[in-house]
Amino acid sequence: MTSNAADMPFGQTRGLLSAVMASCRDAIIAYSLDGQIEAWNRGAEEIYGFSQEEAIGSPAELTTPRDRVGENDRLREAAIQGRSIEHFDTLRTRKSGESFPAAICGFPIRNEREEVVGYATIERDISGRMQAADTLRIALTEAQEANAAKSRFLANASHELRTPMNAIVGMTALALEEDISHELRDYLETIRDSADSMLHLVNDVLDLAKFESDGFELEEVPFDPRELSESAIKVLGTAAHAKGLELVCHVAPDVPTAVIGDPMRLRQVLTNLLGNSIKFTAAGEVVVDVSPVSIEKKRCKLQFSVKDSGIGISDKDQERIFKPFTQVDGATTRRYSGTGLGLTITQHLIDCFGSQLELESQPGVGSRFTFCLTLPLASKPEDTVSRATEKLRGMTVLVVDDNQASRDTLTEQFAAWGMRPAIASSGREAMRLVEKSLDKNSPFDLAVVDALMPGLDGFTVASKIEGDERISTKPIIMASTTDRLEFSRRCAEAGAAAYIQKPISQSQLLSAVVQASGVASLDGPPRKALFDAPTCEKLRVLLVEDTPANRKVAQRVLSKRGHEIEVAVNGREALDLFRKEEFDVVLMDVQMPIMDGYQATEAIREIERSGGRVPTPIIAMTAHSMSGDREKCLRAGMDNYLSKPLDLPKLIRMVESVSENGIKNHAAKPQHVEASKAAAEPESPMAAPAADLDTALKRLRGDRGLLLDMMGFFEQDAPTLLAAVDKNLESGQLAEVERGAHSLKGLASTFDAVAAVSSARDVEQAAHDGRADALPPLVKSLHAEVANLLAFLRDYR
Ligand code: ADP
């Protein structure tokens, strides 16, 4: 077009507008003021199926469904008042009778004198757009369902994987309790540690699902940062050795020995970072360093770092790699295996710790990942290490290692024990120092020699010293990353008094020094004996578990502790036994054929109620680890919860403490609690502490970790249980109110919280007796007591 419409004569413009109307794919319809159709374009013909001849002269209702005719009146009235109507979405009907979604706007038509002579609408068929929106909605629902299915799948898959892992971990722990050779113990410990790593892998995948659904929580238990770092690094020793890498764990001597945090998660972080460093390093070393940044009265700040001499990461890639499923080398034929999940989870965990993961890296030189944690200090366990090292004070020790990080760590450790280290970085230098010490007539008391060194290797150095007649005693410790069996054979041939496998842990180094020098007897650190005689009385335990291997683990462990075990392989069998006999505690698997753990627990509670029997503590055992499982168990009437794979010491602690707690309290509670409450109240009702944690701790045999665990459980569960009590009270479900109060009572009694226990018992009793009227004030006071106890526990923590 060469000229625009404004310049055209009027007739020509009209012609053009008619062409626009005719060509428009929307319906353009004109109406007279009395509502008759006066103009009907081709778009209207196409959309509605009525020809111009059919439509013109028809009423506006021609295409309007009966329930929408009011719209036509509104359009007409607006036009008469000279107003336009904005787009609105509605329904219209085609000639075929089919209705469809339409978007309509309307406006008045004016003549040359600006008088309104009619009105017009532009109507668009939006069924395509709506369909697209529907498709999108369906796709969204499907995606949400798929996501939920993925979470279910992950939970199930992890359950399936965790079940056999329980037997592997349990049987290994049992085997480790036997009187076995040093070598076999070493193998079994590696199996145990590897099984732990595998569990971590399963948990990694689960974690990701939990992060996505915000169902993630950290633990707060006491642990030793040194023990944790050394054991994390030990698991990866074989992988490092296979690549000929030097793996060093340096924990500064002044790192506190007891802090509070989440050791499993910290271990997961270190394992992830270490695993990567080993994977991406072809030669050289990987060093884990733990050093204090500050130590205050109640807490410390520790810096953890993992440094390698590997391929490094370019600046550009440093941001990318923290995203899930991302690797620097994205090619399908890439050289390094992996899922690209490790760093995502690591970073997320460190975020949860309230810290940041920092990365310094240079391609071709190496990487260093660092993070700092502020951790509360826990009360110190007995310091068996410094007792054992007293006799080492003043001894001279020759440290021979070609790797500087190894040398530095050993030297620092010896110095911390009060020994006097001398350092050699090669076999030759070592021999020179030995000669010099002989010249001065003060031979070294001890030598720690790295087996694999360039030039004169450690075995040769050891043989030379061994063969030297001027040296009367030859306490040599060989250190190496090589294959254990081969290593121990060659050490014996070279005349070494002891040997240690790298990466070296403090406890290992200490026992090798003691063995080689013979100066101190090692009365610590003692191996934690799982089967020491229990401090509680012999218990009758009903073990309900369908998987034979898992049954065997729990059965062996508890019977070795001197308890009497009755076994049922499903809920039905458990009920048969429970009807006939009394038990001190029931260990209940959750998923079982015929009758599952929830149903069995409910039935047991019913038997107790109807028979007037004292409730027996029931501990759930489940391989599910999604949040909500614990609550489900407690709701079903169980008193506590263990997740599989079973942590055997925890199993023992829980069976013995829960049952002790349960039996004593259940049997003596009514009079005992009432009496002590009555005695305490008149004197100073406000001053009585909400709980007696000293007694609670004594009952847990001083296990503060377990006490803190239990506090954590209480803090998690009490509000949920209280809310359920409220809800059930409102809907008149007194049996449920009774059950909730019973669980609260059990939980509160763990802390000897007399007032809360008594209040929960009052609610339980009133609900049991069907005294609905009495309940509201009792539940109110239960709220107050629980809030009081929660505040008390929080303060204590
Ligand atoms: P993956 O399972 O692939 O190791 P990660 O999330 O742990 O997944 O790591 C993502 C990527 O980051 C790795 O594939 C690698 O490219 C890079 N990366 C991580 N750690 C190192 C390291 N220490 N040295 C070099 N590259 C690393």
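Here the Cβ of each residue, glycine as well, is placed from N, Cα and C on the backbone.
All TrEMBL annotations are machine predictions without curation.
Per-residue pLDDT, averaged across the domain 'PAS' (13-82), gives 92. Taken from TrEMBL, the feature domain 'PAS' covers 13-82.
When the domain 'PAC' (86-138) is classified with DSSP, helix, strand and coil residues number 12 helix, 30 strand, 11 coil. What TrEMBL lists as domain 'PAC' is 86-138.
If you look up TrEMBL, you'll see 156-377 marked as domain 'Histidine kinase'.
As annotated by TrEMBL, domain 'Response regulatory' applies to 396-517 (among others). Look at the domain 'Response regulatory' (396-517): DSSP puts its residues at 59 helix, 24 strand, 39 coil.
Of all Cβ atoms in the shown protein chains, 27 besides its own fall within 10 Å of the Cβ of Asp450 (4-aspartylphosphate). Sequence annotations record features per position, and here TrEMBL assigns 4-aspartylphosphate to Asp450 (among others).
Marked as domain 'Response regulatory' by TrEMBL: 540-659 (among others).
The local packing around Asp589 (4-aspartylphosphate), expressed as other Cβ atoms within 10 Å of its Cβ over all shown chains, amounts to 27. Taken from TrEMBL, the feature 4-aspartylphosphate applies to Asp589 (among others).
Annotated domain 'HPt' per TrEMBL: 703-796, in sequence order.
Residues annotated as phosphohistidine in TrEMBL: His742. His742 (phosphohistidine) falls within a helix when secondary structure is assigned with DSSP.
In this structure, the C-alpha atom of Asp450 (4-aspartylphosphate) lies 50 angstrom from that of Asp589 (4-aspartylphosphate). Taking a Cβ distance under 6 Å to any atom of ligand 1 as the criterion, the modified residues Asp450, Asp589, His742 reduce to none. Residue environment of His742 (phosphohistidine) contains 21 other Cβ atoms, counted within 10 Å of its Cβ in all protein chains.
Look at Asp589 (4-aspartylphosphate): DSSP puts it in a strand.
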